[in-house]
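**Q** Annotations for this protein, taken from Swiss-Prot, read as follows:
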ACT_SITE  K104  active site, schiff-base intermediate with DXP
BINDING   G165, A191, G192, N213, T214  1-deoxy-D-xylulose 5-phosphate binding site
Amino acid sequence: MEASQDTFTVAGRTFQSRLLVGTGKYRDLDETREAIEVSGAEIVTVAIRRTNIGQNPDEPNLLDVISPERYTLLPNTAGCYTAKDAVRTCRLARELLDGHNLVKLEVLGDEKTLYPDIPATLEAAEQLVADGFDVMVYTSDDPITAKRLEEVGCVAVMPLGAPIGSGLGIQNHWNILTIVENASVPVLVDAGVGTASDASEAMELGCDGVLMNTAIAGAQRPVLMASAMRKAVEAGREAYLAGRIPRKRFASASSPLEGTFF
């Protein structure tokens, strides 16, 4: 399969890149713009409660460097700890972005772990779906929860690989694999990626994409890391499509003895 044919579709929108990136933690908007350009990402997530996209006319506007005409914006509810706040934030985003209805839902449980509050996440997801939103949802790596979120109408499930910003990489490969196997909507690892091998690993498990922010913005050289992540996601996807060899306990000679000359 050619790269141009291996597209990623969510909520009826089709993309070439399977790397989704955030906009926080960069030194300035110029670095934000350059890193996102180099990443090749087409979907860019924005924390509505923390990022100015027009709410504050006297402050720098992210949309001046991340144009909605070039990128698909994915407003998110980072910093929300209740379903009510998350729903309100999504409605604000829709108002600011002229009816844009693709959102990333996250309802956090506490400040220490930033793990999702699952009951509140389900409550918010149900309300947002009923209100006409296309909901991509941050969740735990529990396969049952992921399936339940799909059943309430979320257009993508986004299990954490590890706590947000931890850089620990995927901690529970088997759960992520089970979520992928059970899902009929896209699955994207969201949170915990620390370096390129983590992103590649997520794709090798069969995930449809990877979303990251800190792994790029927090690197010593963010623009170079953005390039590395782009290649890692592409390599991991190709490896998944190619089909890895099975793991074996013992050796298997790469040069068979049959037909040897002596």
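All residue numbers here begin at 1 and follow the chain in the order shown.
The backbone N, Cα and C atoms fix where each Cβ goes, and this holds for glycine too.
Help me picture where these features are in the structure shown.
**A** K104 (active site, schiff-base intermediate with DXP) falls within a strand when secondary structure is assigned with DSSP.
Counting only residues at least six positions away in the same chain, the Cβ atoms of G22, K25, I164, G165, G167 sit under 8 Å from the Cβ of T214 (1-deoxy-D-xylulose 5-phosphate binding site).
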**Q** How far is it from K104 (active site, schiff-base intermediate with DXP) to A191 (1-deoxy-D-xylulose 5-phosphate binding site), counting Cα to Cα, in Å?
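**A** Just about 13 Å between their Cα atoms.
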**Q** Widest Cα span across the 1-deoxy-D-xylulose 5-phosphate binders G165, A191, G192, N213, T214, in Å?
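**A** Between the most distant Cα atoms of the 1-deoxy-D-xylulose 5-phosphate site, 10 Å.
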**Q** Which of G165, G192 has the fewest nearby Cβ atoms, counting only those within 10 Å, among these binding-site residues?
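**A** Lowest Cβ count within 10 Å among the binding-site residues (G165, G192) is G165.
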**Q** Is it possible to get the count of other C-beta atoms within 10 angstroms of the C-beta of K104 (active site, schiff-base intermediate with DXP)?
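**A** Within a 10 Å radius of the Cβ of K104 (active site, schiff-base intermediate with DXP) lie 27 other Cβ atoms.
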**Q** Please report the DSSP secondary structure of G192 (1-deoxy-D-xylulose 5-phosphate binding site), reduced to three states.
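**A** The three-state answer is coil.
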